[in-house]
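Taken from TrEMBL as is:
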type	residues	note
TRANSMEM	12-34	transmembrane segment
TRANSMEM	109-133	transmembrane segment
TRANSMEM	140-161	transmembrane segment
TRANSMEM	181-206	transmembrane segment
Amino acid sequence: MFEEQVTKVKITSVVIVVGMSAMLAAVVTDHWAVLSPRVEKLNATCEAAHFGLWRLCKKTIFMVKEDPQGKGCGPISLPGAKNCSYFKHFTSGEEAEVFEVKTQKEYNISAAAIAIFSLFFMILGTLCVIFSFGKGRDYLLRPAGMFFAFAGLCIIISVEVMRQSVKRMIDSDETIWIEYYYSWSFTCACASFTLLILSGASLLLISMPHMPRNPWESCMDAEPDTLD
């Protein structure tokens, strides 16, 4: 690998690490969306919820005054009793059964499966980048770029699936939720998509053959760069 390429790959690797960290934070946390029912009266309890790819958390909040951001229950940061349970397609539980009945379970199964594929592509891309630093192995940058691009595409597909899941929950007559907003886990997923796509494209550009320094040179006439 040429010295200039090594520097570019190291800079791109930093961006990749940030993108991977954001994606891991999105996958393992359960703050993709916050759901809220309508608050009919004050000085009473209401039940808000937030969920991710793997579990649903409900929080009982005592409402003293109206939420300035809307008429729902919250904000979710207020103190209250919290109860979390994993979705029924992984474990059983009363809360999981309620979640399964009132939502489209296939949406969450699909989003979780796609996120796992994204993790798999990230691992392959990381291995390719590591081995590309070996002598004469810079050709591995090309598959590395493709793997990170695939990882970014998978996570944005997972984001869209979750978005459709939330929309269907809000539109359903069987649920009590009337308001929702996307939380920081959702933001991490969108950020990881941007960073991984850009990193993948950068690695593909770095792996392209060296172009002639002068416009009148042909690729065959250009002097080769010095190898490390």
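Each residue, glycine too, has its Cβ placed from N, Cα and C.
Of the ranges 12-34, 109-133, 140-161, the one with the most Cβ pairs under 8 Å to the transmembrane segment (181-206) is 12-34.
Counting same-chain residues at least six beyond the ends of the transmembrane segment (12-34), those with a Cβ under 8 angstroms from any Cβ of the stretch are 48-57, 74, 76, 84, 115, 118-119, 122, 125-126, 129, 148, 151-152, 155, 162, 166, 180-186, 188-189, 191-192, 194-196, 198-199, 202-203, 206.
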